[in-house]
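Listed in Swiss-Prot for this protein:
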BINDING   Arg21, Gln22, Ala23, Gly24, Arg25, Asp71, Tyr146, Ser201, His316  substrate binding site
SITE      Asp71  site 'Transition state stabilizer'
Amino acid sequence: MKQLLNPLKGNSDKIPVWFMRQAGRYLPEYKKIRETIKNFLDFCYDVNKATEVTLQPIRRYHFDAAIIFSDILVLPHALGWEVDFKENIGPILRQFRSQEDFKYLQSDTNNKLEKVYKIIKKVKKELPSTTSLIGFAGSPWTVMSYMLEGKGKQDFKTSKKFVYENKALSKELLNFLIDKTTYHLINQVESGANILKLFDSCSGVLAEEEFTEFVIEPTKKIILKVKEVLPKTPIIAFPKGAGLLYEKFIKEVPIDILAVDQMIPLEKMKEWSDKVIVQGNLDPVVLLTNKEIIKEKAYEILQVMEGKNFIFNLGHGILPETPIENVEFLTEYVRSFKK
């Protein structure tokens, strides 16, 4: 039995553990491979290298899940949108400004995403049978905000202003991304992923009305469409920074697993775990400290969530400067936890 799926099967005796960005720049073996390829998107499409870095943290830490090495921006890139990654800057994109910009988006991915699906198939063959494989995509609002801003996370004035002033056009772009995201997720499961995750990293910048329109409704549509085809596939949703709107999200979106950030009180996580499986929510910065602090902060979470429907994770991704021994210590502490 795959340990990560234990809460779904009503078995919460052992707490599953994996970490966002567990394959990444904090690992020396990752850095060694990253040095061999200049362009980040080429890296994401390289079947052998992306497979290897997906498996690296599993070999090192034996996490209960592997998450495929990819990026939320491979989808717009595969659809013809101009996306590039600049060193020490991050993603730079063609900026979506008007109806005319739809001409730069294609109706299909022209097989560009086939390499992602090949990576999943290859990882699946090499992954231990007890380890879950997570496929993922960026939620439509987050991908859309990158397209509207033309770059990585800013103050979101540009994207929010666009939405306020161009509601119909915004909905048209949103619906386009809903369809393509659904297609991408289904293909990942058909290639071998057995859990899916939707990352909505930018959801916390929206007021309630826009949060409902651009986060809740799109996520709900995607999940319902995926479940029509793949009713048994668990789906994780991560509306990062949603704050009080997490409550509304849980009530209205038919998710299996809710990932939460470190700002959410533990008692809320405990309360929500009666309705959904909760995943989170250690502050990634804690892993930059020492073993005593890591143990203290992990204990605070574990003693509240032990026996609940819970997956241990971080409130966001592992930071590049994280010491590898701290990740090992935390993982072993979670596995051996007893009150």
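Using N, Cα and C of the backbone, Cβ positions are placed for all residues, glycine too.
On the structure: features taken from Swiss-Prot.
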{"residue": "Arg21", "record": "substrate binding site", "Cβ neighbours (10 Å)": "18"}
{"residue": "Ala23", "record": "substrate binding site", "Cβ neighbours (10 Å)": "25"}
{"residue": "Arg25", "record": "substrate binding site", "Cβ neighbours (10 Å)": "14"}
{"residue": "Asp71", "record": "site 'Transition state stabilizer'", "Cβ neighbours (10 Å)": "17"}
{"residue": "Tyr146", "record": "substrate binding site", "Cβ neighbours (10 Å)": "28"}
{"residue": "His316", "record": "substrate binding site", "Cβ neighbours (10 Å)": "22"}
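Among the binding-site residues Ala23, Arg25, His316, the residue whose Cα lies closest in space to that of Asp71 (site 'Transition state stabilizer') is Ala23. Looking at the residues that bind substrate per the record, Arg21, Gln22, Ala23, Gly24, Arg25, Asp71, Tyr146, Ser201, His316, the two CA atoms farthest apart are separated by 23 Å.
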